[in-house]
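Chemist: Questions regarding the structure given below will be posed in turn.
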Amino acid sequence: MKSIRQLLSLAKKEKKREKKSNHGSHSMEWESPPSYNEIKSPSAPIFGYDYEDMEYLPTLGVQTLKLQYKCVLQVRSESPFTSYLDAVDNVANWEKQYNGFSGKKPFYRAVMVRAVQAMKANPMSLQDGRSPEYTSEIEGRCLVFHSLGHIPPMMYMCEQFTRDWSGRRNQGIVNVKIWVGVTDTLDNLDQIFDPKKHFSEEEMLSAATILGLEVKKSSDNNYIISKSY
């Protein structure tokens, strides 16, 4: 019986003979497996996926969208919110375990910046130590600047999210019904991010950050969604 060392030696000699016999052929041999970071296409095609999209995604730059939106927001919390940003921090739980359209998510977040700002407390809910309830309903058309790359077509249709949350200082339930879609209107529209509707520009940008958006102000006073986390 041959030893393991002898078997390995024979295997090496056989490999050398194969290399010599294949020398000058057009077939490709891997001397070593591809590196971990090397990007390869999947072995099977993905239906409906255009690989060319990945080539121009980073070069799209700043884009403009005209959106039609509507949002109905209902919130019940154990304790009253102390400020707008406190409300935003808690209402941000609306997207916990998000299962909606991924392409719409950044724009849902932008609408929520304004929807939370419009929330009003129900006076009846503040009596007799009951849990406070807040509601808001907003709708309109707006201009959105973004550098998020390719955005899929967005139909104006309703999605609904109901979530409960529990934090260090408060807990409750949030119910959101939201519509967002692209509109082809020729009207001049205001931006979705409007510091005049907030206490300050800093407050508005902080709210966007809490809701998972990175918003930057350009030299011509446009507010651009640069990232959605």
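We count from 1, first residue shown onward.
Even glycines carry a Cβ here, placed using N, Cα and C.
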Chemist: For the annotation motif 'PTAP/PSAP motif' in Swiss-Prot, which listed range does it cover: 42-45, 170-173, 182-185?
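Modeler: That would be 42-45, the stretch labelled motif 'PTAP/PSAP motif' in Swiss-Prot.
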Chemist: If I go by Swiss-Prot, the feature motif 'PPXY motif' sits on one of 29-32, 33-36, 149-152, 225-228. Which?
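Modeler: It is 33-36 that Swiss-Prot annotates as motif 'PPXY motif'.
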Chemist: Any idea what the model's mean pLDDT is for the motif 'PTAP/PSAP motif' (42-45)?
Modeler: 59
